[in-house]
Every structure is written in structure tokens, then in C-alpha cells.
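Enquirer: Please read through the structure below; I'll follow up with questions.
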Amino acid sequence: MNRHHDPNPFDEDEEIVNPFSKGGGRVPAASRPVEYGQSLDATVDIPLDNMNDSSQKQRKLADWEAELRKKEMDIKRREEAIAKFGVQIDDKNWPPFFPIIHHDIAKEIPVHAQKLQYLAFASWLGIVLCLVFNVIATMVCWIKGGGVKIFFLATIYALIGCPLSYVLWYRPLYRAMRTDSALKFGWFFFTYLIHIGFCIVAAIAPPIFFHGKSLTGVLAAIDVISDSLLAGIFYFIGFGLFCLESLLSLWVLQKIYLYFRGNK
């Protein structure tokens, strides 16, 4: 009968491991503690790219958080304005180099009405151009001996006419196109007829209105060119601009009236 092999305690060839002895157990080399003065063969490398990426991500997160906070404050401001006054506040975005008004035809005007709105916008820019050039022409006439009073009157026309035309007829048309409001369309037609009448009078420039030479109409141009050729040329250019603005305004009025009748 075979017996299981029992270790011989008196056998010197076998190594006895006493678990209770100090340091008696075999410890793998990888898990042994590093003694004082012992050098490490392996070094830990931390790539700089990862550090740069993490800093960039932190900056992006900070920028994103700031932008979200700004939008949240803007939305809160609008909600407070609507709740208090019932009026929606639009961000100023035009002109791009110095925003003073909100203007976004592509996003706020229906697609089928955008062409008409662009035509009306061209008409408004046209009257601004006419009034600004009118100031330049009267300044040339003043330099050539025409008197300073006509220059000051032309400056007043420009300072009042440019914002007034926007408030009285262009902005109401813009809102009428957005909301399809018959009341706003009616106000636009009334004020736009006054605008057309002013353009026609300015193109003629009778001496009984606006102190004669303060507008670059045809009668004023004929009178000025006899005294100064250069000033007369400027006046005739201004006369042509007022004529083009009058024709464009009549065309815009016809187009918008047909659009209004077609929608109603």
C-alpha cells in the first residue's frame, strides 16, 4: 500500500519556508520595496502634448461657459422687457461697423416678400445718399461764394431726414412684412407718399421752398452753374440722384401696393 509522500523535517535538501519568520517568505522582486539608495531603472514620462490639450480644453470650456452665461443674461433681459412693457428687444446689427438698428431681412421677412423689402431698403439708402450728397454740393457752392446759410439748411435736412425716413416709413414697412399688419401697411403708404412728394420737390428745387439753393434741384442747378461751373456740376449730379430716387420710390410703391392687394 502506497503512502502519500510526506515531507521529511530532517531532510536538509528541501528549503523550509517559515511564514512566521521575519522576512522568511519569498517575496517577488517586483513587489519588494525599494531600499534607500537603490536606483530605479524605469522612469515615468508625462507627455507635454496631453498637458497642452488639457489646458486648451479648459480654455474652451471657460469660453463656452462665458458665452452661455451671456446668452442666458440676454434671454433674461428680453423676458423681463416683454413682461414689463410687452415689447420685444432686438439686437442691433446694422450697419456692421457701427450697429445702431436691428435689420435682418433674410431671417425675419418671409421668403416671398424679401425681394420687395430689399427694394424698399434700396429706396431708403437712396434718400440717405441724396441728402448726404446734397450737403456736399451745397458746401461746394458755399466755398464758391454761395453763402453759408444753404449749407446749414442742407445739413439740417440730412440730420432730420435720414432718421425720420427710417422711423416714419421704412421701419413700419419692415414690421408690416413681418406681421402682415394692414394697419402698418396703411401707415407706410401714407408716409411713403410724403417721401415721394419731397423727392419730387427736391428734384425741382423751386426758389419758394427750402431757401432755393439748399436743395440740388434742376432750377437751383441752372442758377448755380452760371456763377460756378464746379458747383453747378455738383448740383446737376444731385438733381439726377433725386430724379432716380423719385422713380425708384414710385416703382417700390406700385410693387408693395400690388403685394398688399394680393395678400388681402
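The first residue you see is number 1, and the count goes up from there.
Heads up, the Cβ atoms here are built off N, Cα and C, so glycines get one too.
As annotated in Swiss-Prot:
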type	residues	note
COILED	51-85	coiled coil
REGION	1-33	region 'Disordered'
TOPO_DOM	1-122	topological domain 'Cytoplasmic'
TOPO_DOM	254-264	topological domain 'Cytoplasmic'
TRANSMEM	123-143	transmembrane segment
TRANSMEM	150-170	transmembrane segment
TRANSMEM	185-205	transmembrane segment
TRANSMEM	233-253	transmembrane segment
Enquirer: Where, among 123-143, 150-170, 185-205, do we find the most CB pairs under 8 A to the transmembrane segment (233-253)?
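Expert: Per the Cβ count, the answer is 123-143.
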Enquirer: Let me spell it out: take the transmembrane segment (123-143), skip the flanking residues so only those 6+ beyond its ends count, and list any with a Cβ under 8 Å from a Cβ in it.
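Expert: For the transmembrane segment (123-143), the nonlocal Cβ contacts are 150-151, 153-155, 157-158, 161-162, 165-166, 170, 195, 199, 202, 213-216, 224, 228, 230-231, 234-235, 237-238, 241-242, 244-245, 248-249, 252.
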Enquirer: Should anything in the same chain at least six residues away from the topological domain 'Cytoplasmic' (254-264) have a Cβ under 8 Å from its Cβ atoms, list it; otherwise answer none.
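Expert: For the topological domain 'Cytoplasmic' (254-264), the nonlocal Cβ contacts are 113, 116, 119-120, 173, 180, 182, 185, 188-189.
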Enquirer: I'd like the per-state residue tally for the topological domain 'Cytoplasmic' (254-264) from DSSP, helix first, then strand, then coil.
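Expert: Computed counts for the topological domain 'Cytoplasmic' (254-264) are 10 helix, 0 strand, 1 coil.
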Enquirer: What is the average pLDDT across the topological domain 'Cytoplasmic' (254-264)?
Expert: 89
